[in-house]
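Peer 1: Dropping a structure here in structure tokens format, bear with me for questions.
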Amino acid sequence: MSTVEPNVYDPHQVETSAQQFWDATRAFQVDENSEKPKFYCLSMLPYPSGALHMGHVRNYTISDVVSRYKRMTGHNVLQPMGWDAFGLPAENAAIKNKTAPAKWTYANIAHMRAQLKSLGYAIDWSREFATCTPDYYVHEQRMFTRLMRKGLAYRRNAVVNWDPIDQTVLANEQVIDGRGWRSGAVVEKREIPQWFLRITDYAQELLDGLDQLDGWPDSVKTMQRNWIGRSEGLEIQFDVRDTNGAALDPLRVFTTRPDTLMGVTFVSIAAEHPLALHAAKSNPELAALLETLKHGGVSEAELETQEKRGMATGLTAVHPISGEQVPVWVANFVLMGYGTGAVMAVPGHDQRDFEFANKYGLPIVQVVKLREPRNDDEQRWDATEWRDWYTDKSRELELINSAEFDGLDFGGAFEALAERFERKGQGQRRVNYRLRDWGVSRQRYWGCPIPVIYCPKCGAVPVPEDQLPVVLPENVEFACTGSPIKTDPTWRQTTCPDCGGPAERETDTFDTFMESSWYVARYTSPNAREMVDRRANYWMPADLYVGGIEHAILHLMYFRFYHKLMRDARLVDSDEPVTNLLTQGMVIADTFYRDADNGGKDWINPADVEIQRDERGRVTGAVLIADGQPVHIGGTEKMSKSKNNGVDPQSMVAKYGADTVRLFSMFAAPPEQSLEWNEAGVDGMARFMRRLWAQVHKHVGEGAAVALDVAALSAEQKAIRRKTHETIGKVSDDYGRRHSFNTAIAAVMELSNALAKFDDASDQGRAVRQEALEAMVLLLNPITPHASHALWQVLGRGETLLENVAFPQADVSALVRDALTLAVQINGKLRGTIDVAADAAREQIEALAQAEPNAAKFLDGLSVRKIIIVPGKIVNIVAG
């Protein structure tokens, strides 16, 4: 048993003792040989940046609270930890610090592991891995070669977002306002060879699967549905003529609004479209525009906000119904990577086309009207003023100016046009998706090598499995740009596995989302020779996944897709990787600054600022502690380095102890909401911990408590016991169903306050207090496990792993107020009695009757058909 100074709460001594016990007993190491139901709980694995931030602490504490609670409710719980260790920050740090990325990464992992352990998380460290090690990434290399052979991994030229500073391709989501998310450089368009995974082959399954994810937030599912972007429409062929009237390759366009076809007045194509390149050969002005457009982004979000630009190509498209020739324009809002790189422009019923047509003086024709306009404005159509109803497909519409299609509604026009084009071979019905195939190539060094060899004779050849892993050299000299493996001939040059001739390795590395797309499964099978083994099907799918909503589209989409690839490779049985998803809110804090000489702001850390308040406690200003001079208050924002408003978790642990930091991070806000960091609030949690510590020691110092005799309790004693069991019931629900940890803590605090006012020193008074204190210690254990570990011993229960102690269960009989005694009958025969409140609800009476021990014995194996209650006398359960 650990020893601590009585009545003095020393969190560091308490926490060291508890952590030593957990380490010595390997308390949180689990296996699959358990009769308990499994529960797999994890947080999104961290990038080893060098230090934990408060966002990490909140994320991992949420997971830990749930994990510890589930252990106490009889589950076999897996809570692992690893490191998402590849990525650009390591390369940037290597350049800055003149050290190899591997050395920087492994040092950071060691430091952050120690930080996590100091917070007392119930992690099975035997399953730890870093994704940058060959024994991890060999498995994704092997999977990739198998996907190549199945045609699910392929290489093609693609127009990409190119960051000229970081010398790498960026995903659309990594381009912010036309600039690279890390470097800030203006992003260019480039066409380069890229490796892709065919996520589009799984688009419909990814969409349908969202309907089965009842435990995921609706907001995340909506974001994924929108990103997948399923749409039904027609693909229509437009014949194309050059300036001399000669036929060129036809254009195929996809539209969800074929009813507006007669309103087509031009066709727009992407700057990279073959027809645009063809036209530019004889048009220097067009060629110059195409070169300029290379520097625009390729994300849809950018296209929505940027100025519409374009130029006529001199080519014409033949309208497939009227035969009229309409001009073909290059437009900067058309992407080659989306659809066919061409769209039919209907400026009368598409706002983007409307703006473009008005800018360049192109015709605008109305071909749809509202059948039942709601006002005069909806009866007017103006080619110079956009109105939302022009494109509102949800309203009842009718075609006009559309020849034989006049009078049809949307559905009728769709069917008529589909039948016509399919009969004439000019088009077909088609389902289209906004989702694009996943480009997994990155032109960086610090990533998993793509296991491909290029042979002049054989082409792209997957590295044979017996030659895997392709190991990334870690001891490299790092330059400011590019990749050291590109300039290392000893690594790059090799032989072709097919013909034995000279060949070269692929020098691109995988997008780091590859590693984080399957790591959840790897935790289940540490050290397995394959990617996973049979243990994966014991643990998968994970029961709870905790992480930020900012990962809703990228990580969580790839994560689901890769799991389906593993399923189809017969590595796992489940369709989805995670059953329940909890997206925690941000951690925010006050910001302070002074105006800088360059017109910017010098941000000041809150720890260096003193807040000034008036006599009513209202904030009146702030001063820098160092010089006493005023600083500006900038409001509350997400903790970040840029705003210098972060709080170092280690300094908080050093000052208050891990339990207090954990307690505040769970108390300050519900998990899904933003948490405003406030050290005064941390102070309040520290006071509560000291008060609880003192309550337990004062009680124990007054002598041993006798056994509780419920029948002998006074009204006041019953009231305290009722409060205890009401708290147990609420906290159980808050932990298990609602994940409402702040209200659970508040309930325990209320019980503590009630107990402080209860000064009954009689034997049964002390017995009631003993029960209440034991309950409080156990109820808080998921959040404050170190203090609970110590206080359980102080209460005379010995040193043990509290996660193996059953979570308290509310005694329903203790909840009764002004009890009545009711006879409990099973099919008319007396089987017991229950005490219920005079105003007890029917549901409570029914539950108590069925829970009565003798009645429960007679009900075993029977189905309850109905329950008859004679008020104040009898509960008759009819069962059979």
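For all residues, glycine too, the Cβ spot is worked out from N, Cα and C.
Summarising the annotation, Swiss-Prot assigns ATP binding site to LYS641 and lists sequence analysis as the type of evidence. What Swiss-Prot records for 46-56 is motif ''HIGH' region'. For 638-642, the entry in Swiss-Prot reads motif ''KMSKS' region'.
Situate these features within the shown structure.
Peer 2: Within 10 Å of the C-beta atom of LYS641 (ATP binding site) sit 9 other C-beta atoms, taking all shown protein chains into account.
For the motif ''HIGH' region' (46-56), same-chain residues at least 6 beyond its ends with a Cβ under 8 Å from one of its own Cβ atoms are 83-85, 87, 89, 105, 108-109, 111-112, 115-116, 130, 548, 586-587, 639, 646-650, 665, 677.
Confidence for the motif ''KMSKS' region' (638-642), expressed as mean pLDDT, is 88.
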Peer 1: When DSSP states are grouped into helix, strand and coil, how many residues of the motif ''KMSKS' region' (638-642) land in each?
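Peer 2: DSSP classes over the motif ''KMSKS' region' (638-642) add up to 0 helix, 1 strand, 4 coil.
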Peer 1: Let's see if you can do this one: DSSP helix, strand and coil counts over the motif ''HIGH' region' (46-56), in that order.
Peer 2: 3 helix, 0 strand, 8 coil
